[in-house]
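*Asks:* Below you will find the structure I want to go over with you.
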């Protein structure tokens, strides 16, 4: 085992997503089977009793890699010297709530967490925002942590990527690992753009492009797109609760790839600070295909974006610019 344990914080630690995520992290799915961990669990004061139960269960899992667990309601304790942060806790959207209200409630949460990261975390901390609106929450968090590189703040679109990959694998009747390089562009919202045009699939030992294998352009432009965009709502309708297990798995995939790197010729989707690639506006957190090496991501250049996708990219970019404007107005008013 690597002797030095790393410190990992999970916020919203008494919640549904964390309940699945903590086990994945603590048993070594994310940082590897040799890496000991100290888990920092942050939640709000009324949840401390519930969190105590989670701490008991983590102990009862008897996990070899788990060195210790620190439950707290204090951001200064939660973010102290952390190497990785899963920001899961956020204000959920309630019925009849306007996006503006949701944004302003979340700006307050991510301002506190950004400031705590800035003061207490390691400067090379890797931050993944899962709590929605994830892209804009990541932007706000980074804004309040100026001493940490902007590149270290990311938003999760891996759940959308995993959903899209599963849809294509099912459609073609192949195993999930046979489908590679599906992209999610833009916002983690209903405007996201799932794109299988640059993806490849192996069918009966032969690798071909997904559009060629599917041989149904209408499906890729409509049914596939809509299924992925609306999948979260479909799970809520069926389960009466949100998609917690799959969200936790996606968070674990995202952070694992960030720490371990992507395979040659493969890329993954992450919400990252835009440099203007593919005509996306600069300085918003936008989901791009990225390759990762030595814990640094780079946006994959030179992929084909056809006219259909271009129109969709512009819509999701416009939504992200509006969210940024609303969030920054709340920041300025503070």
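Yeah, the Cβs are placed from backbone N, Cα and C, and that goes for glycine too.
In case it helps, TrEMBL gives these features for our protein:
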ACT_SITE  188  active site, proton acceptor
BINDING   43, 106, 130, 131, 132  NAD(+) binding site
BINDING   93, 99, 132, 163  substrate binding site
DOMAIN    7-153  domain 'Lactate/malate dehydrogenase N-terminal'
DOMAIN    157-329  domain 'Lactate/malate dehydrogenase C-terminal'
*Asks:* If I take the alpha carbons of residue 99 (substrate binding site) and residue 130 (NAD(+) binding site), what is the distance between them in whole Å?
*Replies:* 17
*Asks:* What are the sequence-distant neighbours of residue 130 (NAD(+) binding site), meaning same chain, six or more residues apart, C-beta distance under 8 angstroms?
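*Replies:* Correct list: 17, 86, 87, 88, 90, 156, 247, 251.
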*Asks:* Any idea what the Cα distance is from residue 163 (substrate binding site) over to residue 43 (NAD(+) binding site), rounded to a whole Å?
*Replies:* 28
*Asks:* What subset of the binding-site residues 43, 106, 132 lies within 10 angstroms of the residue listed as 'active site, proton acceptor' at the C-alpha level?
*Replies:* 132
*Asks:* Just to confirm: which same-chain residues, 6+ apart in sequence, have a Cβ under 8 Å from the Cβ of residue 131 (NAD(+) binding site)?
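*Replies:* Residue 131 (NAD(+) binding site) has long-range Cβ partners 11, 12, 87, 88, 89, 90, 91, 106, 109, 137.
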*Asks:* Max Cα-Cα distance in Å among 93, 99, 132, 163, the residues listed as binding substrate?
*Replies:* 25
*Asks:* Max CA to CA distance in Å over the NAD(+)-binding set 43, 106, 130, 131, 132?
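*Replies:* Between the most distant Cα atoms of the NAD(+) site, 16 Å.
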